[in-house]
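K.L.:
Can you keep this structure in mind? I'll have questions shortly.
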Amino acid sequence: MKVLEGGLAAPNAKVAVVVARFNSFINDSLVEGAVDALKRIGQVKDENITLVRVPGAYELPLAVRRLADSKKYDAIVALGTVIRGGTAHFEYVAGGASNGIGHVSLESNVPVAFGVLTTENIEQAIDRAGTKSGNKGAEAALVALEMVNLLAQINA
């Protein structure tokens, strides 16, 4: 039986990291985790990483789409934080970001890793940005690299 599974090292991969500025006190930690994982575990060169900042999580899909359409990147990591408030705004933003990012990956055939935190409160977001629950930015970066390597195997 042949088993295909992507590894994490991708030293020649070109990766875009797209991050929302809104909730930057959390998102900055996600970026640090993602970039650290790309460089340290994935062995991606600094010059092959592009950081793109957008206003908020709702704007992530459009920027991700443009980056995917440019054909300059082997993978894209989308990072942000949406914290539930007292209105339905959470559902619109979280759903729009999630659906939009997912569509880009499927339509462009470029791996887009979803590293957008959708939490009930600030404490949960902080936990997932590098404290109790690990760093979801780092996890998303590793997913992106694994998919780059897996797709290369599938196409070989």
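Note that Cβ sites are derived from N, Cα and C of the backbone, with glycine treated the same way.
Swiss-Prot feature annotations, pasted as is:
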type	residues	note
BINDING	F22, A57, Y58, E59, T81, V82, I83, F114	5-amino-6-(D-ribitylamino)uracil binding site
BINDING	G86, T87, R128	(2S)-2-hydroxy-3-oxobutyl phosphate binding site
ACT_SITE	H89	active site, proton donor
K.L.:
For A57, V82, I83, listed as binding-site residues, tell me which one has the smallest number of other Cβ atoms within 10 Å.
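P.N.:
Taking A57, V82, I83 as the binding-site residues, the minimal 10 Å Cβ count falls on I83.
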K.L.:
If you skip the near sequence neighbours and keep only those at least six away, which residues in the chain come within under 8 angstroms of F114 (5-amino-6-(D-ribitylamino)uracil binding site), Cβ to Cβ?
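P.N.:
Expected: A78, S98, I101, G102, A140.
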K.L.:
Take the C-alpha atoms of F22 (5-amino-6-(D-ribitylamino)uracil binding site) and T87 ((2S)-2-hydroxy-3-oxobutyl phosphate binding site) and report the distance between them in angstrom, rounded.
P.N.:
17
K.L.:
Just checking, which of H89, R128 (recorded positions) has the fewest C-beta atoms within 10 Å of its C-beta?
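P.N.:
Counting other Cβ atoms within 10 Å of each of the recorded positions H89, R128, the minimum falls on H89.
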K.L.:
What's the most sparsely packed of the binding-site residues T81, T87, counting other C-beta atoms within 10 A?
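P.N.:
Output over binding-site residues T81, T87: least Cβ neighbours within 10 Å is T87.
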K.L.:
What does DSSP say about T87 ((2S)-2-hydroxy-3-oxobutyl phosphate binding site): helix, strand or coil?
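P.N.:
In three-state terms, T87 ((2S)-2-hydroxy-3-oxobutyl phosphate binding site) counts as coil.
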K.L.:
Out of T87, H89, R128, which of these recorded positions is nearest Y58 (5-amino-6-(D-ribitylamino)uracil binding site) by C-alpha distance?
P.N.:
H89
K.L.:
In whole Å, how far does the CA atom of H89 (active site, proton donor) lie from that of R128 ((2S)-2-hydroxy-3-oxobutyl phosphate binding site)?
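P.N.:
It is 21 Å, counting Cα to Cα.
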